[in-house]
Amino acid sequence: MSLSVIYACVLIYRKCTDVVCCIIFLIVILGYIALGTVAWFHGDPRKIISPTDSQGQFCGQTDTSNSNKNILFYFNMLKCASPAVLINLQCPTTQLCVSKCPDRFATLSEVSVNKSWEYYRQFCKPGFVLGSKVGNILQRCFPEFKSKEGLLTVANQTTFRDPRNNTWTVNDLRDAAMGIASLLNAKEIGVKILEDYANSWVWILIGLGMTMVFSLSFILLMRYIACVILWLMICGIIIAAGYGGWRCYKEYVLLLEKPDTNVAISDIGFQTDLSIYLEMSQTWLVLMILLILIVVVIVLMLIFLRKNLSIAFALMKEGSRAIFYIICTLFYPIVTFFLLAICIAYSAVTAVFLASSGNAIYKVTSPDDKCIHRNLTCSPKTFSQTNIAKECPGAQCMFAFYGGETVYHNYIILLHVCNLFVFLWLVNFVLALGKCTLAGAFASYYWAKRKPKDIPTCPVYASFSRAMRYHTGSLAFGSLLLAMVQMIRIVLENLHLKLKRSQSCMSRFLLHCLKCCFWCLERFIKFLNTNAYIMIAIYGHSFCKSSRDAFDLLMRNILRVVVLDNLITFLLFIGKLVISGGIGVLAFLFFSKRIPIVQDMVPQLNFNWVPLLTLIIGSFMISSGFFNVYAMCVDTLFLCFCEDLERNDGSSSRPYYVSPGLHKILRKGEERAKSSASS
C-alpha cells in the first residue's frame, strides 16, 4: 500500500489522543477563568496606580476629603531609603494627600522661628510640620535638587537640622529620594514617546506594510530564483557589514583624538538623546567589533558548510513551491498572534488584580527601634485608645499595604505562581497548535501524487480542525513539558538575582551549571516537540509515540538533520536581518531627513529613535512570522522526505513522492556526507 493511501486512511480513521491530558487541560482552563474572576472581584487596579495616604485613602478620590488632593506628600523623606519603595511606593513615614507641592523650604525648627506656619498648615497633619522645596513626580512630592557651583543643594542649602538637633546632608536626602525620584525621567520619557507615536504612527504602519510585502515577495520568488536570491542576500550582508565596520573604525579613530569623547557608556547610563552615544568613541568601537564578528561568523559558516548549500537551496526552493500552492499558510500567524494576544492580556489583567487584592493593612511605626509594638497590625480607629502611644512615644498607626487574613489573601503568592505557569502552558499550546496546523497542511502537499491537483481543499482549515478535534490532548502534553522546564528556568533566574552578591563561589557555579543544563533541555524539548507535532499531523498518533517515532527517524538520518537544520536556520536568520536591516536603514534616512524628496513630510519628533526602533523590532517580528511558516514548511517536507525514502523504493508500485530534482540533490548530499565520514 502506497504512503499516500496510508496518509488518506489516517485522515479518515483518526481518533482522539492523550484524552487524560486533554481533560486536565480543560479543567486547568476552567480553573484559570475562575482565578481571574475571583481576582477581579477582590482586586482594584487603583491601589497600584493611585497614591495612597497614611489613612489608606486614594489621593484624588471623589467621594472623600481628598477629592481635590491628587498628590502624595512624604513627612520624612529620609525614611524612604529602602528597596521596598520601588515596589509599592510606600515609606514608613506619614504620607498626606495635598492639592499641590510646596514651593518653599523649611524645617520644623525654622517654621517656628520665621512664623510661616500658616503656609505649611495646608501640607501638614495636625501636630507635624514638614518643609522642603519639592517637585511633583508621578503624583508624589519630592525634593527639588539643584547643582550650584558643583555642589548639590536643596533650597540653596547643603545641610539641615531636624527637631532632635540631628544634622543631615543633602546627600542623605538624595539617597532617600533616589529610588522613587528615578521614576521622573520614566514618566517624562513615556509622555514624549506617546507623542512621537501619535505623530508617526502612519509612517510606522507604512514601514511595517513594506516589511510584509518584502517578506512575501522573498518567499514566493524563492520558487524561481532561490539560488540567486540567497547568494545576493549572503554577499549583500557581508559587504554591508564589512563597509559598516570600516566606517565605524574611521569614526572611532577620529573621535579618539578628542579627549571629551573618551567616556565609557556605563558612566553616562541611559540617555534619551541617542546622538550623545554617537559622539563617544566607545560606541563606534562596539559597533565595529559587532560588525566584524558578523562577517567572520558568516564567512566561517560558508567555508565549513559550502558543500551542503545546494541541498539547502533546493529544499528551500521546494518549500517556496509548497507555500505558493497553499498561500493561506502565510496568513495563519495572524490567528496565532490573536490567540497569543488574548493569553497575554488575560494573564496581565489577572496579575494586576491579584496584586491589588485585599483591604488596607495598617502597621505600627515608631522612631524608636526598640519599640516592641513596631510593625504590628493596628487599627487607626482604635489606636488612640491603646497604650502603644504611651509605651512608644511618637508611634503611629499608618497604612502599610493591601492584604488580608483570609485563605485567598494568604495564598496570593501561590496564585501569582499559578497565573504564570498557566500562562506559559497556554502560550506554548497556542504555538504548538500553529505548528501542528501548518505541518498538516504541508504534509498534504508532499503526499499529493499530482501536485497541486491532489492537494485537498482548504488544507489549513482541515488541518486546524483535525488538531483541535483529535489532538488537543497531545498538544497540551507537549506544551506542558515545555512550560514546566520554562518555569524551572524562571525560578533559577530568580535565585540567580538573589545570589548575585553571594560570596560563595560554589553556589554561583552550581547555579550557572543548572541554568545551562535547563537551557539545553528547553532547546532539546522544543526541537523534539516540533518534530513530534509533524508526526502527529501526519499519522495522528499520541504525543509519546509521535515523539519516539520522530526521534528514531531523525537519528536514522542524523547526517542530514545536523547539517540541513542548522544551515537552513542560518539562512532564514540572514533573511530576517536583511529585511529588518533594510527597513531600519530606510527609516533612519527618512526620519533624519536625509531623503530630499520627502523631507517636508517628516513629522516633528522628540526622539527619532522611537519610530526607528519600533520599525526595526516590528519588521523583525513580522519577517519572523513569515519565515517561521517557511521554516515549518521546510521541516515538514524534510521529515516527510525521510519517511518517503524509508517506505518507498522508487519503483512503479512504490514511487517516491519527492520531486525528482530535490531527490537527486539530497541523494548526492547524503553520499558526499557518508564518504566524508568514512574518510
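Placed from the backbone N, Cα and C atoms, the Cβ positions cover glycine too.
Segment annotation: TrEMBL labels transmembrane segment over residues 612-632 (candidates 66-86, 612-632). Of the recorded ranges 20-41, 228-246, 284-304, 411-433, 567-591, the transmembrane segment (201-221) has the largest number of C-beta contacts under 8 angstroms with 567-591. The transmembrane segment (284-304) shares more Cβ pairs under 8 Å with 228-246 than with any other stretch in the list 228-246, 324-349, 411-433, 567-591, 612-632. Proximity of distant same-chain residues to the transmembrane segment (473-492), defined by a Cβ-Cβ separation under 8 Å and at least 6 residues beyond the stretch ends, is recorded for 16-25, 420-421, 424-425, 428-429, 431-433, 436, 467, 511, 514-515, 518-519, 521-522, 525-526, 529, 532-533, 536, 542-544, 546-547. Relative to the transmembrane segment (567-591), the listed stretch 228-246 leads the set 20-41, 228-246, 324-349, 411-433 in CB pairs under 8 A. Outside the transmembrane segment (324-349), and at least 6 residues removed from its termini, the chain residues within Cβ reach (under 8 Å) are 36, 216, 219-220, 223, 419-420, 422-423, 426-427, 430-431, 433-434, 437-438, 441-442, 445, 451-452, 455, 459-460, 625-626, 628-629, 633.
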